[in-house]
Amino acid sequence: PVSHSPQITGTLVFTVFTAVLGSFQFGYDIGVINALNRQIIITHYRHVLDVPLADRKALNSDAIDSTEEMPRTPYPMYSTPTPPPEEEFVEDSGLITMLWSLSVSSFAIGGMIASFFGGWLGDRLGRIKAMLLANILSLAGALLMGFSKLGPSHILIISGRAVSGLYCGLISGLVPMYIGEIAPTTLRGAIGALHQLAIVTGILISQIVGLDFILGNRELWHILLGLSAVPAILQSVLLFFCPESPRYLYIKLDEENKAKKSLKRLRGGVDVTKDIAEMRKEREEASSEQKVSIIQLFTNSSYRQPIFVALMLHMAQQFSGINGLTIIKNVNNQCYDILLLNQHFSDAGLSQPVYATIGVGTINTVFTALSVFLVEKAGRRSLFLIGMSGMFVCAIFMSVGLVLLNKFAWMSYVSMVAIFLFVSFFEIGPGPIPWFMVAEFFSQGPRPAALAIAAFSNWTCNFIVALCFPYIADLCGPYVFFLFAGVVLAFTLFTYFKVPETKGKSFEEIAAEFRKRGGAARPPKAATEMKFLGAAETA
């Protein structure tokens, strides 16, 4: 077997790099509204909305602690006990809290809407044209935010975040689909993982350029928000030199000659007969299996149990408490908005918590890379359980450390270690694995619908947490992670009893596992081996 060795050509490297620039934008857009520039934006909101003087005084005292994360409704501190100013104060504070929450969560609304359409757009226009079209949204969102200082900033930022969310909803489906289709079979897993690696890299870069002495200051914050236009323009130019997906050309358009030409560019002159034969088989299997609608996933007993488990895995990922540190929307892997890290590190006694936040971003990136290798060795279910169990323990230590900080100064170190480990456990298991497993639960027919509903549920949960977390944090204070520890424990038990291992199994074997665990699933028609996905290639 001469031609089956992995072929890493210049064209392949260039094409994958170009594609994951979209993932990088996704990560940057996720991380850019974070604790590093929050106070500046809130101050600007208050200025634009002409907040009463009493409230500005309260803001100034709040701004001394610039690491406070979500805007909290302050306690009335007026010397005069007259009710009207007090009502005005609380009302304005609530408005700013709502606007800030919308600035964060409008991104998820856009993603939620667009997540349904990434696959459809890729099939209608082709992968390259679909990514080019999506970049129009990216540029529009970046321009709205970049010019937000010149107009009504709250409207421009919220709408810019929503448009950027639409872009990310599309990209979260398009990029993994494209790089998975152009990758050689033996490299598909590794190349596919670059999507998430680019996302967490984008998050890390947004944290670094958001430092006060770079762009996270009162003069340049609008440039920080609009900076995602740079990779969008770069990707738009480079996409014109990238070959279209050979699988799209052959399986969707039946253009065998164009598919061969594209493959030869990607493989560098190696004989592509075997690849064409594999695509021919894939095309036959895809045409022999009927497409399944989203409604049928819930009404057909063959798919009801798998889709329920898939949705629960995504809920576990989003409601695990990672949203208290980072909000992650993983489409085909997962990503984050930094929400409370600075507050936690400040409470834990760090004078420069932003650097600890960047440290967590670095850990994010390192452990995301590590999970790529672990997931094929340890198995999906095992890693998910290890990750959730570790997060459960860390959540308890995190809260204990913050609750007892006033009594024992050394508890600050307990909190910090717990936060770092919490993120590490998330990246090893619950972060990337739900997307692997949803693809593996379903064969070719129901898979597109299953991935669409999984993406939608993930974005929806992301939105709910982004909108509600500030209020939950206000209510619970340092005890908030005790609440999340309970949620994580419940999802861990669900995983143990209901989620089958999928590594190296055919769809028929996975369906049998679901039946054994209490589902009424029959094996879906035309079950194919996992190697068809490129997800379990054993030597």
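Here the Cβ of each residue, glycine as well, is placed from N, Cα and C on the backbone.
Copied from TrEMBL, the annotated features are:
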type	residues	note
DOMAIN	15-503	domain 'Major facilitator superfamily (MFS) profile'
TRANSMEM	95-118	transmembrane segment
TRANSMEM	130-148	transmembrane segment
TRANSMEM	154-179	transmembrane segment
TRANSMEM	191-214	transmembrane segment
TRANSMEM	220-242	transmembrane segment
TRANSMEM	354-375	transmembrane segment
TRANSMEM	382-404	transmembrane segment
TRANSMEM	410-428	transmembrane segment
TRANSMEM	449-473	transmembrane segment
TRANSMEM	479-497	transmembrane segment
Stretch with greatest number of CB pairs under 8 Å, the transmembrane segment (382-404) reference, 130-148, 354-375, 449-473, 479-497 candidates: 479-497
Candidate ranges 95-118, 130-148, 191-214, 410-428, 479-497 - greatest C-beta contact count to the transmembrane segment (220-242) (under 8 angstroms): 130-148
Stretch among 130-148, 154-179, 479-497 sharing the most Cβ pairs under 8 Å with the transmembrane segment (95-118): 154-179
Surrounding residues of the transmembrane segment (479-497) on its own chain - C-beta under 8 Å, 6+ positions past either end: 312-313, 315-316, 319-321, 324, 381, 384-385, 388-389, 391-392, 395-396, 398-399, 402-403, 472-473, 517
PLDDT averaged over every residue in the domain 'Major facilitator superfamily (MFS) profile' (15-503): 78
